[in-house]
């Protein structure tokens, strides 16, 4: 406190003055009186707990004080302090307090005045004074407080660092499901009795344990469970870990979609049920409408109620109400209720909303009284009197059809109950009408219902008791009910911007006509489709919203609708299409600046690229420098640099420098790196190499990894001969050398690591002078394989035969690229794989691949010489494929002397081509002898049909097939006995392919021999009509039979009464009409044709020979029903034939016992004469085989006597030895086996078979390839065994 008397101020320490009477008390009393007489002022502090007065200080103001007096006073004060019983210091902290307050003074004008007060506190409080002048009065005010510096020492809270380990992400669920959000974290320090408080929020509203929310928190984790989801639960959930030293938080969006509706296309359930203005007989219920993206518009709502303790829901309104607010009346006072709402559209009624919290129908006054929140005014007794007049009436809420009034109750202390009456009138009239005539109102708040929309009313209140009614209160001013204005107008322009790789930020302009806006619904749609879906299912209040759960790389459009209690507005215009990808940000700072070389005037620097690129490629770097001890950074170059190795020039030798680096991308310049350590500009002259740099890792597995590095800039006095790799566990200095022998290349696979352990690596280069400087330690790397990682696969393409290295990444992100390397040197012009079309020895090596923008996904594959040989063999198989056959070339005998040749492949395409050969001569479909060549893709059958199969067609038949790159070949040998069998007419199969759509022969002409040896020509025709005509011909001369052909049954017969030379010849039958003509013929002219027929069930006609002189029938009587194909020992004996006619009988006997000439003749008839040695199996023209394989050429031969087989190579006879093996097995299978073929074994090989009747030869060209696979292109009889 200031004073104009400043001659002297003496401050004495605090001491006690006893207030008791006695010697000491008398002394202090006298001293006090002396000071007063001399103009001194005492300031005392009073303590009511002790009967003492504490003087904090004594201020002495006087004009003439001597030093002796001062010393005496100090002596008295110190003497008093010696007695601890009366004097003690109070060092404890105490808050400021006025002991003696300011008092009022009345003084004359222009007279000085002093204002005194007494204060207490430790440390000494500060005092501020304020003066306020009004007319002739001056008011003083003192403020007493502690300064922060002097009040308390600064409190330092323990800083707890919270790091989230596992964080909850966005949740997309449906009503009725459950959801759990959990997070784990580490605390440093983790003190048991100093744990952070976990607080959960939804849209900034604190959540607590309830029926709908379960929260569980422990040391290092917190979990929130939503056991039964409703759309009310949708929102942004935030976990805040609160400590005295700060807060750590994490947020994610929870989306709750509508559950399945009770009926298709019914609306979603309303939400956010609120209860307003509950009273003794009514409540007001409000809610928010659902989104209707695909459903029809909402027609209204039903409100349901249920009394607490029951499960009986009753509907409150008979007809749907269109606005999202409804007053429910008729409640029972003191009862508690739940409420819920259902939406209605043209398709049906929605599921009910989540029920509200329970609400009790109770007078608000009673409720406040029960909860201690209402005080009655006790001013005067009013027994026997009416209550006073209410005051302060006003409208606390207005709506379209009701107004909520509140007022101030009058002073009332009577024990008689008091109630109120409300009266209303139109604003422009004075006709008052009482509102509540039946229901007394006991609370000073009530809702007046059934008002007209948009009209102005006045209200007044009367209080009443059993003694009477008060006068009316002052009426309110005109209060207008709300007028229904409709839904909001559509929101303005919608702008979508990139947020993350799965979310987009949406912003829009608010509607120009909000009309009591509640919030917004946001819809999303993939570009190009019309499938709009809701991005949020609960109205969002702001004009910004982050749409989560989108597909990275997909393009979306967005639109917004505004909503109020009447419904949804029109949709806004659609946003421009936006592709989902992370927003660009500036890169993080580079780090680990290293010195690679110094020559005394310049330094070569290297640094590591930023850990985060910001979503765009880092294009530029900027380098700053400064001298040690200075603060000014200077840029060392004007244009930016693109590489991470830079030479800083024009430096001062011996000076010490520091450097820092910036990275830049499209978004801008990132932060500066941490400056380098002090680098001295001294020239390097050591003979050992400088440090390697840019250590990177790939192929990280549980126990191994591959480390790569760049060659040192400074090589020393000698060339670099190798490298040593060292590693240590993170946080230790125990460096271990991974390779005792220096590696000659700049990569090394380090093995023997501990799974899950984190290591750091460094590299030292080696030359003749010794081991050089260690590189800067690498970034820490953990020996643990990436989850789901796979290895490079090496396969041979099944279609092209190319050798392909491929890799499937377990992770892929936007901008990820596959980087292929051979021996860890990058290969260009490749994407996801390497393709070798014609590999050779230069392709041996280790091929590695790494995927950028992933968590280190990489792998490698080593191609060795042996591996390449195996793959080349498989490649040759694929490039020269053999079409697999289900059945080889076979034949079937058809009617009318036709022969069907066919084979069946496993599979053929519509582009298949094929050729048929007979005796090495290609058969053409244009030849009239070959009436059909066809194939069936579905069955794989390829066939051709030969007309008039005769003895001239004896030989070898071959079919060659080509389908894409595949080939196949099959041969059939019809020579000798096999050919004889093919001529036998025993097997008559119906023609499989009809050649006309008109009348035709379903069974061709044949001979029938009766038991009486009568001969009849028989055929059968089909597809006839009335106009069809049948004719018989012999030698082109028409025959008119005695019996007309039976065209009704289709069977036509021509009996030959006397079969002789006169009746022999070529017989024909024709059937024709306007649709076409068909013909069948049979040759019985007797010109050496051999035909087999059935005569009867007990006889078998073996051979019929017709010549120019006679007709002979040879009938072999057999005891059993079997056919003799070749005569054997048991068939020897005498055979007889009896020929009868109506007049004569003739018998002939033939001796076939083995001695007679007839046996030799018979044998000549049924055995093919060995005039030559046919090759039954055939051989291919060309054979290709790999070196060091075994080739076996095998075919089947026949002949009588057994033929001799010989082999020639390039015209010279092959001499059998250990390598060349010649064999003839069972007299039928001739083979030449060449073991371990080489290039010298290539050439033309000839097989010669011969006996006394003649011989035949076949040529085969053998080609031996250095690296190839021998593919057999020959016929089935060629067998190649590659060992």
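Heads up, residue numbers simply count up from 1 along the chain you see.
Backbone N, Cα and C define each Cβ position, glycine as well.
Sequence annotations record features per position, and here TrEMBL assigns domain 'Ig-like' to 153-255 (among others).
Note on the domain 'Fibronectin type-III' (269-364): its mean pLDDT in the predicted model is 90. Per TrEMBL, domain 'Fibronectin type-III' is recorded for 269-364 (among others).
The domain 'Fibronectin type-III' annotation in TrEMBL covers 389-484 (among others).
Sequence annotations record features per position, and here TrEMBL assigns domain 'Fibronectin type-III' to 490-583 (among others).
According to TrEMBL, the domain 'Fibronectin type-III' annotation covers 589-683 (among others).
Among the features that TrEMBL reports, domain 'Fibronectin type-III' is placed at 691-788 (among others).
What TrEMBL records for 999-1085 (among others) is domain 'Ig-like'.
Taken from TrEMBL, the feature domain 'Ig-like' covers 1170-1263 (among others).
Among the features that TrEMBL reports, signal peptide is placed at 1-22.
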Subject >> the domain 'Fibronectin type-III' (691-788) in contact with the domain 'Ig-like' (1170-1263), cutoff 8 A, at least 3 CB pairs, sep 6+ >> reply: no
Subject >> Dominant neighbour of the domain 'Ig-like' (153-255) in 269-364, 389-484, 490-583, 1170-1263, by Cβ pairs under 8 Å >> reply: 490-583
Original post:
Which numbers of helix, strand and coil residues does DSSP report for the domain 'Fibronectin type-III' (389-484)?
Top reply: 0 helix, 43 strand, 53 coil
Subject >> Range from 269-364, 490-583, 589-683 with most C-beta pairs under 8 A to the domain 'Fibronectin type-III' (389-484) >> reply: 269-364
Subject >> Summary of DSSP states over the domain 'Ig-like' (1170-1263), given as helix, strand and coil counts >> reply: 3 helix, 52 strand, 39 coil
**OP:** Write out how many residues of the domain 'Ig-like' (153-255) are helix, how many strand and how many coil, based on DSSP.
**Re:** 3 helix, 58 strand, 42 coil
